[in-house]
């Protein structure tokens, strides 16, 4: 079952024991929230921000409605972070590895980056925690528009199974990511179109329930 956070967004700080509920006003004031915006439709370098004119920044509530979960943690203490351990225990993330993604450290870098940027879904959640560097995760919203999320150190996101998404580095050309998974990892991408895939159907069903209207296949 896919569940959503309604009317607020949960941000968990590794420096606090309590879970803090962020409202839109809180996120603007704090500057802690993940940066996200509606993308333009240009074919320029994928590593550029691709802000439309005027910019259309999105709230954390909007991402939550799509099933995207988010925590803000302390990347300098990830090896001994009790809050990260709590998240892993509660959500069953028993597998972990770390990926350094940059031209100097990855063979066939350009090919892999191209694959990452091909629109796809997974049968399971995609969980990524940025430890250093930065990059973009793009997801489709209910109207099939691209939403760009800029991940920076301390950002942990969970993309729900069945959501169309892709990834690219930004112009820094470097990101260090922790990858989490339940059980043995399965990284198989199912490239679009996947409207008949059971996981995609379940995701669309959850959006239909959420918004109270039929979500069209695109």
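In case you wondered, yes, glycine gets a Cβ from its N, Cα and C as well.
Remember, TrEMBL labels are computer predictions, not curated facts.
Sequence annotations record features per position, and here TrEMBL assigns Fe(2+) binding site to 120, 122, 126, 165. What TrEMBL records for 120, 122, 126, 165 is Ni(2+) binding site.
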Query raised in the report: Neighbourhood of the Fe(2+) site (120, 122, 126, 165): other residues with Cβ within 8 Å of the Cβ centroid, in order?
Result: 121, 159, 163, 164, 166, 189
Requested in this report: Among the binding-site residues 120, 122, 165, point out the residue whose Cβ has the most other Cβ atoms within 10 Å, with all shown protein chains included in the count.
Outcome: 165
Report task. Report the same-chain neighbours of residue 126 (Fe(2+) binding site): residues 6+ apart in sequence with Cβ closer than 8 Å to its Cβ, ordered by sequence. Result -> 158, 159, 165
